[in-house]
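Participant: Straight out of Swiss-Prot:
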- K58: active site, charge relay system (ACT_SITE)
- 106-132: region 'Disordered' (REGION)
- S131: active site, charge relay system (ACT_SITE)
- S155: active site, acyl-ester intermediate (ACT_SITE)
Amino acid sequence: MLVHGRRLGLLLGRSHVAAPKHTSHLPRRTVHLNHFVSKGEAASEAEPPQSTFTVAVKDNIATQAHPTTCASNILRDYTSPYEATVVRQLRRRGARVVGTTNLDEFGMGTHSTHSAHGPVASPAGRSAGGSSGGSAVAVAAGEVEVALGTDTGGSVRLPAAYNGVVGFKPSYGMLSRYGVVPYANSLDTVGLLARSVERIRDLVVGEGLWAQHDDKDPTSLSAAARLRCASGRTGYKGEAAKVGWEGLTFGIPLEYNIFELDPLIREAWEEVAALLQSLGANVVPVSLPTTRQALSAYYVLAPAEASSNLAKYDGVRYGNPGPESENEGGVLYSAARGAGFGDEVKRRILLGAYSLSSEAMDNYFVQAQKVRRLVRGDFDRVFLLDNPLVDKEPTEEGFGEEAEQADLADLHEDVPLLNKRGPARVDFILSPTAPTPAPTLDEALSQTSLDSATNDVFTVPASLAGLPAISLPVDMKEDVHGVGRFAGIQIIGQYWDDARLLDVAVALRGVLGRGLV
């Protein structure tokens, strides 16, 4: 296909992309990974007598057997009086929780380096990704079968890509957030990491997590709404369905072919697209024009919500008051927050508070909400399936079925798109998970906040729209030190199309694993 008159090279011949071999990337010398905050087995009332698989829990998800610190000094000694719903649900399905994992403080970061417990390193000695870096490393190192993380703007998918594992973010409202320490309520989503897509599918679909409404979580979709959403979808009634590639169409978003995209990542993207074509799937270009503004909107909305959520950490309800709090003229919470929060959290609180101020609300927060609606509209326009939570009628913004995508008439005649001036309708969207491979830990520590934010450019749009997305690992060429590096390939589905998305991921991962490409 072409981008601005130049061929991207996605329509290749035979490809050589393959799923990573998890033993090949481990360094010869042991690296201090620092991925667990608390480790140890403890029984729970919800735990069955015979546990069947091991789970690590991100340290911003409440457990009673381990402290819940959110990698912050302000919660250093905090232990939750109750257990998160999703942890209890996994225990009842045979999980044994072996510990809690390190993260960026309160989930705010890209490399799991903003932690009161110190930075996390991947088994390859590189950035573990963030903010669920500890969970991804626990899976990559083979210490657990499944790990829980949270995904606000890519915090499950990015670590999965950096560590060569599978990372799944379900549709917003599917898995309960009760017991999850909030960063941004309208974006936070509990996600799963594992080496096997099948394991994730078994839990979400086979074990029925998708159907579990939680009265304690106001963002949990009601039981009636779940059934209504599932009624227009396939894959929720039984075992994984056999995927018929010939009937599927994958969209390649033109706007994702950015200048900053690493050539090795682009090559992996091209090869997976070519592989899908060789299997019989249709691969076409699509336009998601508002995704260019998605990252900026996210970094207005998420900090704004965070500034409100973190207001409770005042040294009275949470945290320890500092000595200055005893002064009559002092501010009670100033010392507690100053000593308890790290630099990145303080930065985002200030940014969020400003965007909610009277002088900035209209220019920043309100505009960011408009961009968010446009991003969702872009996805709804290109997906074959309708969004069950959205009115299908056209709106003033032009989201409806009659809306047209950007003019693609200059694309090469060989590109299989029937109407290059109308909306291309696809089953799934295929993109890289991250624009670059995992940087070294030193490179990650030296990145500015702006540099780190750009790593989320491909993951944020699905988060803003509340869509399910999965990151699958593929091998890239070895670096100069002979250490294997991974590319994450992301597949995005329409809202509540999680079961079919997981079926496709299982099938694609199986082909990659067999090397039949």
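Cβ from N, Cα, C; glycine included.
What does the local environment look like for each feature on the list?
Facilitator: All protein chains considered, the CB of K58 (active site, charge relay system) has 33 other CB atoms within 10 Å.
The helix, strand and coil residue counts that DSSP assigns across the region 'Disordered' (106-132) are 2 helix, 3 strand, 22 coil.
According to its DSSP assignment, S155 (active site, acyl-ester intermediate) is coil.
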Participant: Enumerate same-chain residues with a sequence separation of six or more from S131 (active site, charge relay system) and a Cβ-Cβ distance below 8 A; give 'none' if the list is empty.
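Facilitator: Within the chain, S131 (active site, charge relay system) has Cβ neighbours under 8 Å at L103, D104, G107, M108, G109, T110, S112, G149, T150, T152, S155, P159.
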